[in-house]
Amino acid sequence: MTTLSLSQVRQHYHQGPETAISRQIDLELYASCVHLSVSHYLDRDDVALKNFAKYFLPQSREEREHADEAAEPTGWPNLPSGYQEARP
């Protein structure tokens, strides 16, 4: 079985914009995870900073929405859909 790293329906797009969009999506998802982690940490009983936790949870959702919007094919016209460069 052959595994392709890129979509088979790709056009002749420059690698630069694809890489930039992929990197932006990675950063948005990373920020979402950090905000979520901070929110859960601040919500612990031994930390008990509930109001700070309430601030970071919506921030996490917002960052995730940014990543979802950037990943939508209609959000970036004329760029191939279905391609996301995985980062370790």
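Note: Cβ is positioned from N, Cα and C throughout, glycine not excepted.
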According to TrEMBL, E63, H66 bind Fe cation; which one of E28, E72 is annotated to that same site? E28
Would you mind giving the whole-number mean pLDDT across the domain 'Ferritin-like diiron' (11-88)? 80
